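Structure, as structure tokens:
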Amino acid sequence: MEARTGLALLMILMVIGKGEAQLVEGFYGPTCPNLEAIVQQAVATKRSQTFVTIPATLRLFFHDCFVTGCDASVLIASPNGDAEKDAKDNLSLAGDGFDTVVKAKEAVEAQCPGIVSCADILALAARDVVVLAGGPSFAVELGRRDGLVSQASLVAGNLPEPEFDVAQLNAMFAKNNLNQLDMIALSGAHTLGFSHCDRFANRIYSFTPSSPVDPTLNPDYAKQLMEACPQNVDPSIAINMDPVTPQTFDNVYYQNLIAGKGLFTSDEVLFTDSASQSTVVEFANSSADFNAAFVTAMRKLGRVGVKTGRQGEIRRDCSAFNS
């Protein structure tokens, strides 16, 4: 009996070891000691060219990790249009996010060829854009390898949708070892960036037959949304997700939720649902509490589905598997 128990414990430890345990801070210290400075410089240069660099890179990291793990599979380009990035839910990922990783990878390869994975570069870049927008800095655990699979068919059902309620959000985040507090903190990334009108049009034109406008929307904000996104508007038109401080990483997103100015249903429900409301109020009142929770959640997010050893590779080109 004791032998079986010991064997079971060993197997559990082995399973755990395949995930989080192999990521460490300073992983490339002996092999690419200037890695973080190289990536930071490349990201800063890209940011100086366009602000879109910031929300695009942060969103790219999230979309990568939630589909087959943080393995840079979202960066793969397929001539057949069937890679992860080609899935419907990923078509709105801005090109500047991809370009940020490409530029950083080129800079890293120039000094440390064949050593650093695209997955780790994306994780570092996601941290760096948060800092550039005024958010908290934090240590990034490294040691990921790049995934060997990228299929559009694997995306559906693995990314949160704008009409999700709190229970649906919690269920999806739980699949990735993230709890409700992590979910609410990571939702705060919507303090940056923009969204296309078709992602929230139902809230201002067809919410229910008796109430075309979502009653949880601030009336003045609903009017602003209608003016920015008239019916049958060009689907490429986009508006800021945070109408107050759209280019600053701050806790104003949560203040907006309290004021009825959450852009998506999946934003506003964080305040209207009693299960999550107190956390929204806490973050709205304390940027320190929000920043601390966001850092914890980002580090946990970075451990999702990590590939190590033979599970992956170090790509020479982030957009293509090694041949």
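Cβ coordinates are placed from backbone N, Cα and C, and glycine is handled just like the others.
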- Message: Say which of C70, C112, C118 is recorded by TrEMBL as the disulfide partner for C318.
- Response: C118
- Task: In TrEMBL, C112 sits in a disulfide bond; tell me which of C32, C197, C229 is on the other end.
- Result: C32
- Checking TrEMBL: of C65, C197, the cysteine bonded to C70 via disulfide is C65
- May I ask which of the recorded positions R59, D64, C65, E84, C318 is closest to T245 (Ca(2+) 2 binding site) if we compare their C-alpha atoms? R59
- Lowest 10 Å Cβ neighbour count of the binding-site residues D64, E84, D242, D250 is held by D250
- Item | Per-residue Cβ crowding (10 Å cut-off), top of recorded positions C32, V67, C118, C197 | C118
- Query: In the same chain, outside D64, V67, G69, D71, S73, E84, whose C-beta lies within 8 angstroms of the Cβ mean position for the Ca(2+) 1 site?
  - Reply: H63, C65, F66, T68, C70, A72, V74, G147, S150, G305
- Query: Within 8 Å of the centroid of the Cβ atoms of T191, D242, T245, D250, which other residues of that chain place their own Cβ, given that this set defines the recorded Ca(2+) 2 site?
  - Reply: L192, V244, P246, Q247, T248, F249, N251, V252, Y253, N256
- Can you tell which of the recorded positions P160, C229, D250 lies nearest to C318 (disulfide bond) in space, using Cα positions? P160
